[in-house]
Amino acid sequence: MIPVSGFEGRTVAVFGLARTGLAAARALVAGGAKVALWDDKPAAREAAQAEGFELTDLTRADWREFAAVMLSPGVPLTHPAPHWTVERAREAGAEIVGDIELFARTVNAAPEHKRPKIVAITGTNGKSTTTALIGHICAEAGRDVRIGGNIGYGVLGLEDMHGGAVYVLELSSYQLDLTSSLHADVTVILNISPDHLERHGTMDEYVAAKRRILLNQGKGDTAVIGVDDPWGQRICTEITAANRRTIVPVSASKAMSRGVYALDGLLYDATGERAQEVADLKRARSLPGRHNWQNAAAAYAAARGLGISGEEAAQHLMTFPGLAHRMETVAVLGKVRFVNDSKATNADAARQAMSSYPKFYWIAGGLPKTGGIDGLIDLFPRIEKAYLVGEAAPAFADVLRGKAPAVESGTIEAAVRQAYADARAAGQEAIVLLSPACASFDQFADFEERGEAFRAAVQKLADGQADAA
């Protein structure tokens with residue numbers, strides 16, 4: 001772990017005792033701080049106690065005793081309303097921080113020879129794939145790399161730092177809201193589209209949270225900016241005018257005179273005097289579709305920012321094994337391929353997967369996001385049939401009515417069973433695509449659990465076929 005410095009002998013309240021909170025609590029104690037731990041959920045409190053932590057009921061505590069309050073990323077700061085912990089901290093004058101801020105301060109306080117390189121990645125979609133891809137390139141290039149953050153590994157639980165290490169961190173807008181001291185050697189903003197507006201209030205506030213990743217960069221640092229959306233293009237233009245760092249625009253939709261871009265699956269490096277083709281991404285089996293070409297362009301540019309040669313970065317792109325729940329083929333039964341894209345928690349992410357197939361049987365729904373699936377109407381002709389689950393099912397059925405066949409399946413298991421029956425009956429090669437365009441929290445703990453439910457339902461079909469054989 002990374003012992004947190006700066007709070008020796010003082011008490012830090014930690015609210016939220018899932019992976020991030022517990023990793024932070026361990027790191028604070030290792031650094032000499034005292035901790036006051038609490039969570040609204042009894043199961044989370046029990047897990048902390050099972051690990052040997054004492055609990056402090058923060059609803060009854062004197063908050064003036066806390067040097068800082070460490071909040072887990074899911075705790076709302078402003079919208080739809082400030083969480084009670086936020087109000088109590090502000091009343092007591094206690095500083096509110098997140099685990100990334102604790103990490104950043106610890107790095108900044110370390111001697112120069114011990115400070116690692118930091119790559120920080122954000123964006124609306126593609127963060128996890130790009131984070132894992134950069135980590136893969138670094139590892140294959142012989143770097144001592146540690147991957148963490150929003151990808152599922154609390155940063156403070158990673159191995160302690162040294163001057164030769166590279167930390168590759170996926171950062172959500174929630175985490176960036178609580179971060180002000182991070183200085184990343186390489187930053188990546190992949191793309192920006194409307195998401196999490198129930199948490200940020202407005203699109204301007206959401207974009208502002210994403211831009212926080214650029215704080216504290218200066219001469220010698222690199223910013224990789226996706227310019228295929230208007231928000232990214234605007235950020236790129238504005239920071240180019242500031243002229244403080246190396247800026248590398250990336251695109252998967254257009255050729256550029258400067259930057260890194262992918263056209264028809266071919267990756268070009270235009271950071272030198274002329275554009276050079278460096279990779280044929282269509283040969284990278286784990287990076288299908290234009291959205292993954294953007295991820296690859298960003299990862300390549302980030303690796304170059306770390307001093308890895310273009311030839312080596314391109315070579316290691318091709319051996320990336322992929323990530324679970326991101327356009328992951330989980331099984332092929334006869335002529336039917338089952339694709340798990342459970343990570344598609346909004347319509348824009350679902351668009352990436354839907355655009356990759358000419359026809360598909362679509363499993364969608366869950367806890368709806370603002371805007372629903374209205375923005376996907378141009379892709380409805382590709383839908384052989386839709387199988388709708390969760391809270392969004394009735395609303396999605398209304399949107400699809402008259403445009404694509406749809407049925408309200410209710411559960412993932414029922415949807416898989418129905419989709420397979422229809423695809424099998426058609427007698428042709430077919431895709432059954434789970435790309436929900438929704439959050440998962442109405443039926444599952446997270447998108448991973450939803451993806452595993454899909455995998456289990458497909459396995460049940462496979463087992464049934466084996467028994468019948």
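Cβ coordinates come from backbone N, Cα and C, glycine included.
The ATP binding site annotation in Swiss-Prot covers Gly123, Thr124, Asn125, Gly126, Lys127, Ser128, Thr129 and rests on sequence analysis.
Here the features listed in Swiss-Prot are placed on the structure.
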| residue | record | contacts (Cβ under 8 Å, 6+ apart) |
| --- | --- | --- |
| Gly123 | ATP binding site | Thr130, Val188, Ile189, Leu190, Asn191, Ile192, Lys210, Gly226 |
| Asn125 | ATP binding site | Leu190, Asn191, Ser193, His291, Ala344, Asn346, Asp348, Ala349, Gln352 |
| Gly126 | ATP binding site | Leu190, Asn191, His291, Asn292, Gln294, Asn295, Ala298, Gln352 |
| Lys127 | ATP binding site | Ile121, Asn150, Ile151, Glu170, Leu171, Ser172, Leu190 |
| Ser128 | ATP binding site | Asn150, Ile151, Glu170, Leu323, Arg326, Lys343 |
| Thr129 | ATP binding site | Asn292, Asn295, Gly322, Leu323, Arg326 |
All-chain count of other Cβ atoms within 10 Å of Thr124 (ATP binding site): 25
DSSP three-state assignment for Gly126 (ATP binding site): coil
Environment of Gly123, Thr124, Asn125, Gly126, Lys127, Ser128, Thr129, the listed ATP site - residues of the same chain whose CB lies within 8 A of the CB centroid: Ile121, Thr130, Leu190, Asn191, Asn295, Ala349
